[in-house]
């Protein structure tokens, strides 16, 4: 758990991601009782927290936090997790895992706005319904490169893990973001894309030329900008989501080999086209329509000829028009900006807006029906003109094509007339097609823009698809969306539960298969299997006369009662009609099939499509360019069938879905589950039951369980050994081949981890959750230790090199000082002055010759430099040519790779085509069989129909006879149905009425009127029955003819299908042959791959052996270093003795110098013997020069050999330098003492004794030198042994290279080689530039030395020799560099030839490999990656061996040179000893002078010591200052180090005192001042030695003051740094205090917000309740008003009827005066009518009693209806019949009105026309009276039938009550048994967990014991080794002493 400081990198997002330290501490200290703290089931909240009060008899009494007391069963109580698990980030870590624990953890995190939570292997996110600051740039940076356990849960963490897995595992990844609609999938998708665009940013603009209208955005900008554009055209507001994606998309983000963005592409699925023309009330259309009308860009309003009011356009105003959470104006600007960034041209942009506006105008097109025709015609042309203008069409042509489309009939085209409804349907279809095609075209354009043509290796796919939807009205779009989610959930279940456990079984891991019950195959097969829903739908679309009803009937026949997931929906009042129900994983959905056939066929007006193809708007013409109209099809293809190109929407959808699932299966998936917290979109509120339902459906708990029980992490053995062997390399034995599995077992066994947390499979090692992260942390720590140790060794080596250089400079300074002192002593001698004058004259000729030679050399040097420049230019040109060749080869390799990829794609396409053809063949075969069966059935039916036709002709007369009987039965049935309908209407009205009395009166009145109306309607119904039956007979004859025609069509279709079948079979045979060839190739490739695998294993074994030998060599090197350390100690003693001797000799020399100037007699004697001394001095000087040259060579060789032999040779060189220095000092002292030999003979005797002692010491040194020689011989023997081993290694390496060369000729290996050669060329160029710089510096230095020589040739003869020496060294350097340059150019030429040969081989090999690897790309990539890793190891081992070989050769060369120089030095040392013995007699003479000058020597010695101490202190301080400045200037270190080394070499040649240039600039300036002071003192010939000393002291003091100032400034800087660090700490403390205060304030604010939220929730509940009451009251009032209005209408109609009756009676009375008979008949009719009214009133009373009884039995009837399926079916049928009768009733009412009208006319005619009309009316009245009597009889029969049904309902009710009681008893028994089973399971699981814990503890203790024993053994062995080494060291020390 991270601290608050570590969380500070997340900025303001930290509180929303992880609990603070204070909260964690409070949670840990919170009181908690694990036995009583529980969750308890509760009806309202599902689960609540509580405390156990008591447990008795399987019942638990719990007191909830709200204070309520509940008594529940044991299985309804769940233990609570300790407080430290509150708001836990990974729910798989919980102690108690159950539904309430998961629910409350999500709820508490959601309340704290921590919306992301891990759930085992996947992530759960809850929609916050508000903006949170958790997606800022600093959050993206904080999550980059973090492991999952290192950072809080977040979508960025999932994304980064996928990114890292892609890079390390070399496998494509996918992120599946799923959830219901409105759960937040789209937002998370955008965040994933934002993360990848940020971390894998390329930062490079597109390389194509900028074109007008294009913004040059980077690839990441374009990827991010694709979302706003797609959301504007593809997202809309739905009931559950304000920004719902109405299409699915799969975004693939491609990455290059380095992990940078390469390109991207988008695949879309099933845009919801119907939303363009239709929306529900609470929804709206796509955002782009409302963005355009937001008036943010007024120029769009003018261009599109629209207004800003959405209600002006029918297509977009059927639902809501505004969304509170969306600002359409801002979204329009974002959409417009995205169009520009994505590179759409200005014409394309304008056409997009124009087509969108045209769709809006389509909704306003009006059509009307022509008079006296069904033909439609335009109702105005203004809207059509606007739409046609925007689409680049002629409005007249458009209207003509809509109203009079051309249709192909046979081989001719005819003009077809359209009804108004057909025209509206065609307009809607065209609008949807234009919008859909435009959307798909935009996606294609986006993909073209995102395809950068850069090389890409892997991709990460992000899936965002419409969530699961359950609406009131669910159509074909909802079925497709829900089916997609069903498939994705099945993919998740299969991946998480099935594949996981199957892999355990396959790998041989002990595992008991767990069935989680999450298989969704039944529902998926129901939809997509043959004869499933989609199959039936597509089959129906093939038949021209299929309807929605026939489709529904087929669904019922195939699936109703046969599949548990297919059900018949139950009717619900207030909801849309549903035809079938499916049980999905997320719930039961009712589907309405209305219009599915048209949606699936997606028909278009071909005439209008032809106009589109000729449009002046290029985009519109392009959209429909590929669609051929019926006219073009007829002209181009003749009579060819169009079924071959016919593809339904469902088929296209299934094809895309199968592609998606194939893509997902080929990737490594990462799941993100989005959860809806509530249905009201309220931030912070969580509905328990809703969340639990989603958790159960998504398999969250099951995923956590399998994560805890299973082994989610697994690695191949070879990969594990390669990656983690660094944890304990000693566990894997070196030098012998060991299997990767055994190596992994040993490695894991040697690591301190819980061994129950992993299992070994056949090919992989499996880990429990979290263990792999622990191993990664251990590996990181180990690598950090190794790197730290390596850095320490490198720093130590560099500092030792620096120290050696400092010591060399110190010794050079001492030498120069000594020479200057000696020169200052002799320069005032007269003879010396004479010598100075004569010497140049003698050597002037030689000097001129030397100058001439130098000029010649200079000219040669210039020529050589010109030649080297020319060669350099040639090499640069060659390098350019090589680079060009390299680029050409890379292009060729890329082209070959593209060709390979194309071949693979073609192969994949062929395989897919084969699979599709096989499926089509199967479908065609099945369809042919079905057609044959149908044909046989039709043939039989034809025969039957022919027979039946003859029988029908005979039976027509019988039917006419039985017609009356049928009519009676029909009327009886209708009466029964009508009575049941009236009963249901009464029941419905009973629910709605306000008071019983008012409702009863209204029903009675209305029922009376309805009965009267119905009685009149039935009269007309009976008259039309006969005509209907006759029409049915005619229809049967017509259907017979149609069946004949259909049979003919089927026979033609059968012949065509047989032809297609033959073609398909032939293509199948070809495909089978191709398949066999591919199988043979595949077998060959597998054999080749097995051979390659064996070779790779051999290579691994050789690599292991080489690594073992390298380690042995390293151990031997360590032993040599230990011996060198011992030798170093002995050398320190010798050095101490040499320092003592040098000090004594210096004292002697100083005394002798003082004694030399004591007396004039001694000076005279010196003059006499000056000649002898000069000769001796020349000899000594020559010897000294030889020794100095030898010392310089030894120092150089010593510096070269230090890298291999370490401190041993360094000490030896230091001894040699001390001896040479002593020799030179002794010779100089002998020179000075020779002039005083006669006067100090006594002192010589004493000095002779001292020389004897020195000889003894030299003999000791000689013995030590012999020991060194012996050591060198041993090293030579060791070198020979190493040489033989190196030869063996080289032979093995040659064999290895021969084997590896076959594998290393791939594209990537050659690319690495070319880059290596390029780097070598750059290094050569740098070396040449350094050489040129060195030559130029040497020329400059030669000029300087020449000037010094001309100026001071009288006083500096010795410096002249030094200059000549420097020139010779420069020449050596030059010749060396020239030879090296020539050699390197030859090597470069050779390398170029090798490279050309290798490139040629590579081309051949690449061609061969490309030809071989078409179908094995994925396997090839994996093996190639493994080979690359092996190649890296081989190259490293080759490089190491080559370096060892090179070092060995250098070592041999150095040893030989060292041996030769040592022999020469030994000879010179012997000569010096002889010379020293010859001069020892003379040394006795100076003994007295030595004694006399002892006091002066002591004083000089003290001064010398002080000066030396000061110089050493200054040197150390300078070194410290150099280190400090070196640390400050790390960037310049390498360049200036090379420069300083060359400069130091040249400065040593010219005897300067400068330090390295560029390292210490300030100290270099001071040393230059010192040099100028020394030069000036040399030029001043008359200055005394004392003045020189004072000058030195002044220089030292100035250096000291400068150094003190430097130290003070450094101390000030350190003090300021400490002060700043203190201030920073104080600021951090203040910041922590401020953060704590802020967190407290935020917590108080959250508490206040929580209280406010609770208050707001209560207030919202109260307001909702009040609103519900108001709605109910308003509904009741509306119903009352409607009823009152109906009553008023009925009263008005009654009054009108009464008036008309009175008028008719008056007219009849008038007519009766003229015709008495008619009057009497009318009177009898009125009496009969009154009698009928009394009878009807009696019947009405009886009906009221029946209705009252039905009301009393209402509740029982409802239960009976729900429980009895057959009764429900009866009621459904009766309801359908009732609806049909209701329509008939309305028709009859219209008929009654017509009859009434006719009656009035008849009466008028009767008044006018005479007796015939009256007689007809009298006959009609008699018929009516007969019909009324018949109707009365039917009513009586209906009453009897109703009573029978009531008895049946009562019986069913009693039976249902008994069944319900039995079910309850059985349910109680089942619950008890289940509770017992759960208790037993829980006890077993607890016991198992306890045993596992004990077993793990035992294994851990056993492992620790074994490790302790191993450590004890190792420590004991180390102690023994140390003892042996200490004894050896002790014996060596004793022997040396």
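All residue numbers here begin at 1 and follow the chain in the order shown.
Backbone N, Cα and C define each Cβ position, glycine as well.
Feature annotations, reproduced from Swiss-Prot:
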- 33-82: domain 'Myosin N-terminal SH3-like' (DOMAIN)
- 69: phosphothreonine (MOD_RES)
- 179, 180, 181, 182, 183, 184, 185, 186: ATP binding site (BINDING)
- 657-679: region 'Actin-binding' (REGION)
- 759-773: region 'Actin-binding' (REGION)
- 841-1937: coiled coil (COILED)
- 1090: phosphoserine (MOD_RES)
- 1116-1164: region 'Disordered' (REGION)
- 1126-1154: compositional bias 'Basic and acidic residues' (COMPBIAS)
- 1160: phosphoserine (MOD_RES)
- 1235: phosphoserine (MOD_RES)
- 1241: phosphoserine (MOD_RES)
- 1253: phosphothreonine (MOD_RES)
- 1263: phosphothreonine (MOD_RES)
- 1493: phosphoserine (MOD_RES)
- 1515: phosphothreonine (MOD_RES)
- 1601: phosphoserine (MOD_RES)
- 1712: phosphoserine (MOD_RES)
- 1724: phosphoserine (MOD_RES)
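Sequence features, as recorded in Swiss-Prot, placed on the structure.
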{"residue": "69", "record": "phosphothreonine", "Cβ contacts under 8 Å, 6 or more apart": "53, 61, 62, 63"}
{"residue": "179", "record": "ATP binding site", "Cβ contacts under 8 Å, 6 or more apart": "185, 467, 468, 673, 674, 675, 676, 694, 698"}
{"residue": "180", "record": "ATP binding site", "Cβ contacts under 8 Å, 6 or more apart": "240, 467, 468, 469, 586, 674, 676, 694"}
{"residue": "181", "record": "ATP binding site", "Cβ contacts under 8 Å, 6 or more apart": "238, 240, 241, 244, 466, 467, 468, 469"}
{"residue": "182", "record": "ATP binding site", "Cβ contacts under 8 Å, 6 or more apart": "127, 238, 240, 241, 244, 467, 676, 681"}
{"residue": "183", "record": "ATP binding site", "Cβ contacts under 8 Å, 6 or more apart": "127, 467, 674, 675, 676, 694"}
{"residue": "184", "record": "ATP binding site", "Cβ contacts under 8 Å, 6 or more apart": "125, 127, 674"}
{"residue": "186", "record": "ATP binding site", "Cβ contacts under 8 Å, 6 or more apart": "231, 235, 243, 245, 464"}
{"residue": "1263", "record": "phosphothreonine", "Cβ contacts under 8 Å, 6 or more apart": "none"}
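Across the coiled coil (841-1937), the prediction's mean pLDDT works out to 67. DSSP assigns residue 184 (ATP binding site) to coil, not to a helix or a strand. Residue counts for the region 'Actin-binding' (657-679) by DSSP state, with H, G and I taken as helix and E and B as strand, are 9 helix, 8 strand, 6 coil. The ATP site, placed at the center of the C-beta atoms of 179, 180, 181, 182, 183, 184, 185, 186, has further neighbours from the same chain whose C-beta lies within 8 angstroms: 127, 241, 244, 467, 674, 676. DSSP classifies residue 1263 (phosphothreonine) as helix under the three-state reduction.
The 10 Å shell around the Cβ of residue 185 (ATP binding site) contains 27 further Cβ atoms across the protein chains shown. Shown for the domain 'Myosin N-terminal SH3-like' (33-82): DSSP residue counts in helix, strand and coil, namely 3 helix, 31 strand, 16 coil.
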